[in-house]
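**Q** Residues annotated as repeat 'WD' in TrEMBL: 9-41, 132-173, 230-267. Residues annotated as region 'Disordered' in TrEMBL: 397-418, 850-1020, 1067-1131. The feature compositional bias 'Polar residues' is assigned by TrEMBL to 405-418, 925-944, 974-986, 1002-1017, 1114-1123. What TrEMBL lists as compositional bias 'Acidic residues' is 864-877. The compositional bias 'Basic and acidic residues' annotation in TrEMBL covers 987-1001, 1088-1104. According to TrEMBL, the DNA-binding region annotation covers 1017-1086. According to TrEMBL, the feature domain 'HMG box' maps to 1017-1086.
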Amino acid sequence: MPATQKPIRYGHTEGHTDVCFDESGSCIVTCGSDGDVRIWEDLDDDDPKSINVGEKAYSCALKNGKLVTAVSNNTIQVHTFPDGVPDGILTRFTTNANHVIFNEDGTKIAAGSSDFLVKVVDVMNCSQQKTFRGHDAPVLSLSFDPKDIFLASASCDGSVRVWQISHQTCSISWPLLQKCNDVINAKSICRLAWQPRSGKLLAIPVEKSVKLYRRETWSNQFDLSDNFISQALNVVTWSPCGQYLAAGSINGLIMVWNVETKDCIERVKHEKGYAICGLAWHPTCGQIAYTDAEGNLGLLENVCDSNGKMSSSKVSSKVENDYNDLFDGDDTSNPGDFLSDSAVETPSFSKVVINDEEDDDDLMMATGHPRQRSHILEDDENSVDVTMLKTGSGLLREDEEDEQTGNIRSLPLLTSQRPLYDGPMPTPRQKPFQSGSTPSHLTHRFMVWNSIGIIRCYNDEQDNAIDVEFHDTSIHHATHLSNTMNYTVADLSHEAILLGCESTDELTSKLHCLHFSSWDSSKEWIVDMPQDEDIVAICLGHGWAAAATSVLLLRLFTIGGAQKEIFSLPGPVVSMAGHGEQLFIVYHRGTGFDGDQCLGVQLLELGKKKKQILHGDPLPLTRKSYLVWVGFSAEGTPCYVDSEGIVRMLNRGFGNTWTPVCNTREHCKGKSDHYWVVGIRENPQQLRCIPCKGSRFPPTLPRPAVAVLSFKLPYCQTATEKGQMEEQFWRSVMFHNYLDYFAKNGYEYDENMKNQAMKEQQELLMKMFALSCKLEREFRCVELADLMTQHAVNLAIKYASRSRRLILAQKLSELAVEKATELAVIQAEEEEEEEEDFRKRLNAGYSNTTTEWSQARHKNQVEVDAEDTRETDDMEEKTERYKHGQSPFPKRTDSCDVPAAKSGAVTSSNQGRVNPFKVLASSKEPATSMNSGRSTNILDNMNKSSKKSTALHRATNNENSPVIKPLIPKPKSKQTSAASYFQKRSSQTDKTEEIKEDDSKNLSSETPALSPQNTENQRPKTGFQMWLEENRSNILSDNPDISDEADIIKEGMIRFRVLPIEERKAWTTKAKGGTESDGTEAKKRKRVIDESHESEDQNEKAKENLNLPKKQKPSNLAMSQKLSAFAFKQE
């Protein structure tokens, strides 16, 4: 019996209208764009009850006496039914909610909004909410699984997703729909629906058919369609029994199918041809209520109700089932069994459900009856009589159904032999995107937003144009461009604007550059890509442009339009970025699984020396996330952001690893809020981004406001003082790595900035050192001191001594020796390299004949001795000055012998150069000796500087730490170093100033004297050496077990120290061979050898004397003894 169509009637004002039945089916409930919900007892009700819920009502649902509506004020409201009393707000969105539904038992509702979110809310406790994120456009419709396990959603981004409610994860996503930017522009609202009771099938209206997907396997079982459908289907609904499916199209056609037979049993045309936007099946009888886009309400009656009314096709299927029962009493399956819970899971069903690849023998193995049954059904007259009631096509369907029956019977054995794959599922690959852009399907969008400016695109009925705006208008004025080529990607730099478009049937893909910084009149060029090659990503650098294409090629161009290198990419590109000479490429290096993307990264430098820094290394991402931003900091460090809000930066100081530096989700107030990154700066440390409430990206209007977030490395226990200082220190180190990169690559940078960073880091290390001392973590103290500079280690030794931690002070002194040795070795190597480079530059273009430069390596030994003698005299003179209270190490602003790049010492930017030929030109031995001599002098100077007054210390700390220059290269043997280390160290404080001064004299005189290995420079013996020669026999007789020279010197030092002051002075005077004035006369006579060198030395000393401190306090003896330990360490 065909369905009866009642005349439509006015329900609401023009616009989208929704409809549903109450649980008993006693009334019809509609809502519309007038903001009213109307309750109709039947279609003829002239006075329906009306409830105003807001300005507009987009959707309504009814269950358990609760009426839920999606209203234009961005809320989901609850009213009592049928009284219509407001009962609160379940949830809110940032934009309109488009659809709301109840689950099977009415305890939860699901709502989808234009802010791309789907929410599931508990009706009784609205604080129990779950948010589902993943759609990139407004949500169109939703459908609850009857078993409350899954939730299906359709969106304007063209996808239909199935979510697992408990885990809030996406189980499957199908790209089925046409993309659009808003619900009003959608071709179909795609009201999908699960099959009632079992939930085995999910019906989705797609174009002119209904696609049915099987639960859990998510395979497309079959499609329902009809030749009468000429426009896209808009909405579907199931009958309560789950055997029939109704669909409404956008041109007013309503179709009803029998899902078992796939036959269309009802076709009804809207009397005015309006789009059907609401369908509801009566819960108990064969009625279908429908609404259209003009606010009208209609009703179909006698539509295949569940009480037994069915079409002839149903009868034919029953007859077929009867024959199956006659000949297969033990086999009760039928063609509709896959709709029930006990159905066999098959991989795919369509109008021909199973691919008929199995032969007859296989069918007979599965069951012994199908072949016999098919003969009976074909030969039986009753069967033919029934099928003759159908048309020819119906008969064909009957044969196909019969064929299905046999094939389905064979499935249990086949599926047991071929079990379904239950391992990790591959993740769909992320599509290419341009950093700083919003989705391309939007009519008004950002093509790029970076540190230079903003490019907006408008593509609507009024205009198709591109606006370019610069943050700094001094670079260029704002520009308006027509977008006739439909450009989809763009980039912006200080030099140019770069645009790219996809190919069409008539035109190839094009790369368009507006070189506004060009000095000539031609400021524009266009390059056509080859046929079937589309531009998918572009970027700009300093003097170059790059374009990645769909055929896995990367093409380089000069900024003026000349083609440069071209190379293949290892995989499909995801995004690119450029900065200066650096090119940053992210691509798919494989297929990810279980929601993870598998991305690789290449980092190239396109300067004069082209090289690749990162060779396809994996790009770390948060689990189940994808890439959303790729770029560089303002200082040129590569960075990227994933969909979970984690910002990562390349750590050049730690092997080019990726370090997370910020989590933007920690700054979001709501779960649906995000931050859209537009730029990163390392100095000052700023993450510039736009807060987006309820979405992942901002709208073009009104103009979004930029917020600045701080960085924070994810260190442990940052709530504690220790964790905070550790995070601050390593963040400071990482965010100043770019200075080393600048220095290495010859870029200009501010030296004061580096000094300030070093000072900040050393202060943090000292604070951590002091904290560890208080916690009695002395081993940790030494670990922290290893990160310090020389000056900071001195302070740490002083702090440890004052804290009465002598073992720690001794360990730190040993560490200081190692640091000083490394410093001297590094300095010697660098000076040798500089000298070699200088000689190469001098000899460039000349023959290898002997010149005055090369003759320096063959100096006469007499000249070497004379030079060494003069340097020895200089040392003695400065020692004399030190005896009279003057510092032998004046602070010089033009000294730069000790490089600080690797040791951590801070150097001044205005330091001069030293003559590399003065000592090293003679032979290789003085260079070797210089390492040992420098180590001694540096440590001596560290001792002296630690004894300065507090005021002098303050002045030194406020300025850059002076780099101490060694006076003369002096070799020291290991034995001498060992002997010096074992000097007497007491903590007595009652010694007089005279003793302290005498100790200083001995220390200064012993240093040059204890050099027995130096045969080239014969120096006078010290008082201690002369005393030791006379008393060696006594020491050996008193200590017969001593055999090592170091032990003899140690014992001699102890005995010499306890001698009276007058006796020690006598030995010292004896060693000099006369008075100080006589020594001065001898020195003057020696200087007559070379007057020119003497005048140079006098000028240098005059400059040094100007910088000498006026007064130096005598040092504390106890502190001197404590700190002298690290000056001479046995190696």
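Each residue's number is its place along the chain shown, starting with 1.
Each Cβ is built from the backbone N, Cα and C atoms, and glycine gets one as well.
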**Q** Residues sitting near the repeat 'WD' (132-173): Cβ under 8 Å, six or more positions beyond its termini, same chain?
**A** 95, 98-105, 108, 110-120, 179-183, 185-186, 189-199, 202, 204, 215, 218, 428, 439, 441, 595, 624, 672, 696
**Q** Count up the helix, strand and coil residues in the repeat 'WD' (9-41) according to DSSP, in that order.
**A** 0 helix, 16 strand, 17 coil
**Q** Report the DSSP secondary-structure composition of the repeat 'WD' (230-267) as helix, strand and coil residue counts.
**A** 0 helix, 23 strand, 15 coil
**Q** Could you give me the DSSP helix, strand and coil counts for the repeat 'WD' (132-173)?
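**A** Once the DSSP states are binned, the repeat 'WD' (132-173) shows 0 helix, 24 strand, 18 coil.
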**Q** Summarise the model's confidence over the DNA-binding region (1017-1086) as a mean pLDDT value.
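**A** Result for the DNA-binding region (1017-1086): average pLDDT 73.
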